[in-house]
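Asker: Sending over a structure as structure tokens; questions will come in a sec.
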Amino acid sequence: MVYPLLRAFRAQPARPAPRCARDPAGPHTPDSGAGAVSAIVPAVFISGPGSQAAPLRVLSYLAGIAWFLALAFPPLTQRTYMSENAMGSTMVEEQFMGGDRARNFARDFAAHRRKSGALPVAWLERTMRSVGLEVYTQSFSRKLPFPDETHERYMVSGTNVYGILRAPRAASTESLVLTVPCGPESTNSQAVGLLLALASHFRGQIYWAKDIIFLVTEHDLLGTEAWLEAYHDVNVTGMQSSPLQGRAGSIQAAVALELSSDVVTSLDVAVEGLNGQLPNLDLLNLFQTFCQKGGLLCTLQGKLQPQDWTSVDGPLQSLQTLLLMVLRQASGRPHGPHGLFLRYRVEALTLRGINSFRQYKYDLVAVGKALEGMFRKLNHLLERLHQSFFFYLLPALSRFVSIGLYMPAAGFLLLVLGLKALELWMQLHEAGVDPGEAGRASGPRPPLPPAQGVGLASLVAPLLISQAMGLALYILPVLGQHVAAQHFPVAEAEAVVLTLLAVYVAGLALPHNTHWVLSIQTPDRGWMALKLVALIYLALQLGCIALTNFSLGFLLAAVMVPAAALTKPSGSRPFYAALLLLTSPAAILLGSLFLWWELQEAPVSLAEGWQLFLAALAQGVLEHHTYGAMLFPLLALGLYPCWLLFWNVLFWK
């Protein structure tokens, strides 16, 4: 390839030498630096009617989407297996037969709760002591940043009750947790009854090598967070709580239990934790193993496991389950108390008993035996669960996709941004050269005008204003809720949502404000430099997000990448504007809600979807300030300013 280039250069007629190699005003010839670069770099990155970059980008995008859809089909989806040797066998005999006692505990708990109107702390203390536990309580309080209209609470105060079963065969260096959350909407009486019955049964066994903590929390996740912060002696959410009087060893694993009736038709498992964290896959395999041993029907995302993988129906059902998991993990919400344990490096699951119209039903004895088997196997652990996967996707309960198999899907999408950025970089270096003539290797060329430089000062204003709008979107809703509530007939929670929408829409005026701020002559190719910066900014954000929360990174990339690659200030501006609006962060959230309910086979109308969208905005802000969920700051401080840069490119003058 080098020899034809040399012959082409030798065939050119002699030309006068430039005045100075460093003189920017000198004649622009193919012998200069920019011409040499254009002669060597392949034409695939040079824009023009015959460019091959656009088909390559389309192919890369389609490959990423196709790779993701193929994750639900063998051989990309693999069978789960147990990696931890200490939990490889289920040859233990479960002896729990306390179903009647669990129901009696549940009835007494429900009666005392109705009588007191709150968690019956005194009754729980008395009952836990009667079964031989060390009993302690913890009071906590939390003032939310604004009223939670979903649960109708603002000033929250409650009490957690927990009992410790000391291990008779070892020192209190390690422990396991069985927790039951009790909220104002769900009393969870059957789960409390089963917890007390299991505590009574465990108390009579002598093989325990780890302490077991039986925890009953008030106000759902708020009580769980208060207890975890006090147990680990940290305060990351501003929770006010009393110190714990009793402690056990380092928590190795935890199981949260939620039951709605005395009989269940299936046990649904939740694995998605705070900010998309997942428990070690061995813990999920342990749950599935004991469900199979006891004949319990177990589900994931409320869906049964596909039975026939040879036909198309099985993979299609697993694809539906996979999409549900991606949407739940991308939300960053803790989908159960286990989601808060994962923050403290404690492997945890949430088990929910479902009572539907299925034919086979199971009582509390079957559920208790499954929990007993799980705790007995966790009791054998010599170290924390670490041998199996922490990053995975679940198309079914018995199938998984490892990180090495799903990351190429995000890589193909990010390659589109890289190719477009490289093409823009080449165009900036080829400024003043006609792309149609850039690939000609021979023949004299007429003198060309000097290359236009890109004024970096013209990029400062859009970058600063975009980040300022993102900062305003993050700070103003909570900070100005009282001012908005005073001047408008709305509540504080509604004021937060309305301020969010107002600041978000105000960002659409950014291009006009940017040109008012600019005080220098904007170069013709300034929008190329701005888009180059925006593409690199977006690629870095999506890449970092995909490494920690693949579902969120892939979902954002699948929607935002096409608009980011196509946007330009020429051509059909209304089409590009509509495309940008449909791929904005708010539109992605709204579309995800509709997709979620469609996959749940319970589609919602436009009015219902809008109400769910407003509630999701309020919950996203509230969960960030309450639990530390990172979705809201990621969108407000990262993706929204980056999206504004592309909006600025579209209206560049």
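Positions of Cβ are set from backbone N, Cα and C atoms, glycine also.
Annotations in TrEMBL come from automatic prediction, not curation.
The following feature annotations were taken from TrEMBL:
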- 14-26: compositional bias 'Low complexity' (COMPBIAS)
- 14-33: region 'Disordered' (REGION)
- 389-417: transmembrane segment (TRANSMEM)
- 488-510: transmembrane segment (TRANSMEM)
- 530-563: transmembrane segment (TRANSMEM)
- 575-597: transmembrane segment (TRANSMEM)
- 630-652: transmembrane segment (TRANSMEM)
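Each of the listed features needs to be described in terms of its position in the shown structure.
Answerer: Within its own chain, the transmembrane segment (389-417) has Cβ neighbours under 8 Å at 57, 60-61, 63-65, 67-68, 71-72, 76-80, 269, 271, 278-281, 284, 288, 298-300, 305-306, 315, 317-319, 321-322, 325-326, 535-536, 538-539, 542-543, 546, 550-551, 553-554, 557-558, 561-562, 564-565, counting only residues six or more beyond its boundaries.
Sequence-remote contacts of a segment are chain residues at least 6 beyond its ends whose Cβ falls under 8 Å from one of its Cβ atoms, and for the transmembrane segment (488-510) they are 146-149, 462, 465-466, 469, 472-473, 476-478, 480-482, 586, 614, 617-618, 621, 640, 644, 647-648.
Through the fold, the transmembrane segment (530-563) approaches residues 61, 64-65, 68, 275-276, 325-330, 332, 391, 393, 403, 406-407, 409-410, 413-414, 416-418, 420-421, 424-425, 428, 458-459, 462-463, 576, 579-580, 582-583, 588, 591-592, 631, 634, 638-639, 642-643, 645-646, 648-649, 652 of its own chain, all at least 6 residues removed from its boundaries and within a Cβ separation under 8 Å.
Non-local neighbours of the transmembrane segment (575-597) in the same chain are 323-324, 327, 330, 504, 555-556, 559-560, 562-563, 566-568, 603-604, 609-610, 612-613, 616-617, 635, 639-640, 643, 646-647, 650; each lies 6+ residues outside the stretch with a CB under 8 Å from one of its CB atoms.
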Asker: Report, as numbers and ranges, which residues of the same chain sit near the transmembrane segment (630-652): CB under 8 Å and 6 or more residues beyond its ends.
Answerer: 275, 331-333, 462-463, 465-467, 469-471, 473-474, 504, 507-508, 510-512, 514, 522, 526-527, 530-531, 533-534, 537-538, 541, 545, 552, 556, 560, 563-564, 567-569, 573, 576-577, 580, 584-585, 620-621, 623-624
